[in-house]
Amino acid sequence: MPKYIPNAKQYKHPLPIHPLDNLPPLISHNPLSWVYWLYKYLSSTNQLAVNIHVELSSGKHITVADPNEMLYLWRNGFFGTAQLSRSEPTWRQRTLARLGEEDSPQALEHVTQQRRLQRLEFKRQRASFEETKLSLRRQGVDESEILQQERDFLKSLRDREIQLQGQNAVSLRDSDIELFDNEDKLKELEVLELMPVEAVFLTFALPVLDMPIASLLASLCGSRPTYDEIHELCIKYAAYHHYRSHGWCVRSGIKFGCHYLLYKRGPPFHHAEYGVMVLNSEDSMDYTFYSSIARVLGGAKKSFILCYVELCESQDTVLRHWNAGRFDRVFGSYKVGEIMYRRWVPGKNRD
Amino acid sequence: MSGAKIPINLIRGSDNERCGGIAMVFNIDHIRELRNLGFAGILAGTLPSAAQQNAFLSVPLRLMAEEALWLVENGRAFFIAGSEVVIAAIQTLSLQEMKLAERKLDNFFAEQRAFKQVRHQEKLQQLGLSSEMSRTSESLLESSLFVETPNSSDLIARRVKANQFDCPEIQRALCGQLRRNCKNPGDYYVYKALKCDGYYLSPGARFGGRFIAYPGDPLRYHSHMTVQPALNYQNDPLDLLQVVSGGRLGTGVKKLWVVAGVRAQVEAATEEAVSFFSIEWAGFG
């Protein structure tokens, strides 16, 4: 069993680029240490040794395949979504654990599944007990007797639960053999997919991916795009960059029917606090649009942020900058403003 | 009463010319009749000085534009439009009639006074006190008189020849006006199709939809479906995010999230031209 690493240590850095953290100690009465420190300071860089390799397929599908790089992107800012897992690339580990090859701590997906099964089983048991209770009542059995039976029943459920926690069955399927290559090693099937805005952020704002920004944007929007073709990406990116640069961890909000979810530090630490919908500054939607999103987010205890992105330059100017490769000017010509929408129920929002 | 057409007033908002009017029903008997026909509507009456909570609202009953259109098209009701009619009717009132009405009110007060006095005497006798009316109790009595505000005026109702509106040309024109003012013309076909299947429909903004559909009277059943604004489903896009949030919302409130599609040639659309698709979020614990 690997040693437990606290989240705060494992996810120490909010972005893939770190501050210089390999500087030697500076000893104030030893001038030699100053020189050495200065030398180390000037010679070291926080650029990645090797930029992360990304694959582009069918233009807009951006993936990272190397397991270490996947993990690196996840651990440093929670970028991307692993395609066979919930978010974090855990497929390999889960599969090995399932096949009994590796003694691993339980992945989140596994925990959820077990909880659901437990809950289902509990509901079934409870329903059957309710029936017996009803029949006992009909027979006129004493109420304290029924209460005693109920207590016994709940205790038996609890005992069984404790028993089950110890077990961890290995299950093999016939098709599992195909998961292994010729050298009997598990194939790396899982890749990490990046949202287009994440890929742009990791090339344009931070030098992390091994791809020039111009070619990435060309493959996302076409080589000589019209303004309408770049508009969607531009406003999404302006919003994404805005929140990332204010220190939020921004992830896709598709699960909750909005564009982004904002985490204070990241998914392992807290639930997302906000759901963001990116809109044009002049957008005006049907009331049902706002109310349905706000209700879904409200049900998950999140606040709904309407993020309005306004273009401050003319479209032609933006397009000219785009074609000249001045993407800083392109993304800089947008202004971001927010409105928070919350459903307020007097009876439920007293504290 | 049943069998006769129900008058629906189209009240024009003050905000714009374009508005075809809001369909209101003022008579309580008519409201009952509508309920039996499967139209719940929404009670909207309150006093400006003492605004009421939803549960305590009173007449008039507000109908959705689709409901009103359906009623008129099926010959169950007819529209009355324009405040001019009412104003004209008021101007024809004679002094005599006004006096009559006043006398009626006075009689009503006198009855109340007499009744209250008798009750007062009885009470005093029970308590064994002298049965003399003091000045204070008289003024108290006077202030406790009950003034009834009728939901609709008998006096004017008799004057307005409501039936003058009940001719096909006017009704068609008013229907057209109301329909033009509907934001989404396809909604009416969706409404018709669901109505045909026996659903009770209410406005669905609370649950993020155009309608919510109940399998029977809303007082007896929870609603089963949230129906989205009608799409021209061969051409209109359906946003994936909308499907996600709709599916989640529907599942969260235990309703089916329904997307209704109307085929392109809306002019000729009948019930068959409407299709329904339901979306559920699977795998919730």
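Keep in mind that glycine also has a Cβ here, set from the backbone N, Cα and C atoms.
The domain 'tRNA intron endonuclease catalytic' annotation in TrEMBL covers A:234-310.
The Cβ of A:Tyr263 (active site) has 19 neighbouring Cβ atoms from other residues within 10 Å, across all protein chains displayed. Under the three-state DSSP scheme, A:Tyr263 (active site) falls in the strand class. Taken from TrEMBL, the feature active site applies to A:Tyr263 (among others).
Counting every protein chain shown, the number of other Cβ atoms lying within 10 Å of the Cβ of A:His271 (active site) is 11. The annotation active site is assigned in TrEMBL to A:His271 (among others).
The annotation active site is assigned in TrEMBL to A:Lys302 (among others). The Cβ of A:Lys302 (active site) lies under 8 Å from the Cβ of A:Phe256, A:Leu261, A:His271, A:Ala272, A:Glu273, A:Tyr274, A:Gly275, each of which sits 6+ residues away along the same chain. Secondary structure from DSSP puts A:Lys302 (active site) in coil.
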Open item on the list: Just to be sure I understand, if DSSP states are collapsed into helix, strand and coil, how many residues of the domain 'tRNA intron endonuclease catalytic' (A:234-310) fall in each?
Closed with: 28 helix, 23 strand, 26 coil
